[in-house]
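The structure under discussion appears below in the form of structure tokens.
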Amino acid sequence: MSSYSRITGTGSYLPPRRVTNDDLAKELATRGIETSDQWIVERTGIHARHFAAPEVTSSDLALEAARHALEAAGRKAEDIDLIIVATSTPDMVFPSSAAILQNKLGVAGCPAFDVQAVCSGFVYALTVADAMIRTGTARCALVVGAEVFSRILDFNDRTTCVLFGDGAGAVVLEASEEPGILASDLHADGKHVGILCVPGHVSGGNVLGTPLLHMDGQAVFKLAVRVLEDAARATLAKAGKTEADIDWLIPHQANIRIMEGTAKKLKLPREKLIVTVNEHGNTSAASIPLALDEAVRSGKVKKGETVMLEGVGGGFTWGAVLLNL
């Protein structure tokens, strides 16, 4: 039995429709909501995001990202013996988007389930897949983050609707004799539920509450920078590493100020920070694998380098994974 797991392929997918800040400002103006490219960029670092067509689901985006990851790993769908999808925007209440993705891949039999930790979801899912491989439950896992967050945005709230986008990212994680996933550190604190949530739910066929995203931006910012530093340091300690061992930091792509603040806390130069939030916006559980895939395919992040992944999201949830690519 192999003692470790390692990422052997990455993939991602963005819906074709790219929405710039100017595009969004024009759309919001028809609702009487004022914003601008300058206002958005200064506060978030976001210039554009992608929105899926109304008929496109999270599993549709996941399928494209999965195909790219499988190709990069030199694997076929039939080789996969575990599928985990991290999403907060599933196709249905049930079954899981992972089960739907499994069917779209044309395979059956292996375990398939969703993980819901919002923007920390991919870090959670990767940690679960690593544990299952280490215990021999799986040998070749497909781990996906996929979201259609545009469906749950309040376009009358300029402080939130400008932040998010749709997309998917995926990795193939395989059993390995050499260390890949070095350590992880996961946390949640339910007393912060109200600062980032979608408080509505369905009961008796009716929507109760508000089925749109609510966020206290200042509270999220203050908490995020602190807990991300703590998780990163805990993960390094578990792996017997220091900040100097990190070649690249790939945080959840939420807001450039949070990302730069975290890098500064870890004494990492800006050059070691992977940034895609400028073009993708916040894609929740998809943001980390999207950024990882873009960094790998551009040649920036290379095989053998040490990468810190960090996620923080509603719940409040947060965590980190340190890996050798």
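Placed from the backbone N, Cα and C atoms, the Cβ positions cover glycine too.
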Looking at 253-257, 258-262, 293-297, which one is region 'ACP-binding' according to Swiss-Prot?
-> 253-257
Ten-angstrom check, please: count other Cβ atoms within 10 Å of the Cβ of HIS252 (active site), all chains counted.
-> 32
Once the DSSP letters are reduced so that anything not helix or strand counts as coil, what is HIS252 (active site)?
-> coil
For ASN282 (active site), what is the tally of other C-beta atoms lying within 10 angstroms of its C-beta?
-> 23
Local confidence of the region 'ACP-binding' (253-257) - pLDDT mean | 95
Number of other Cβ atoms within 10 Å of the Cβ of CYS119 (active site) across all protein chains = 32
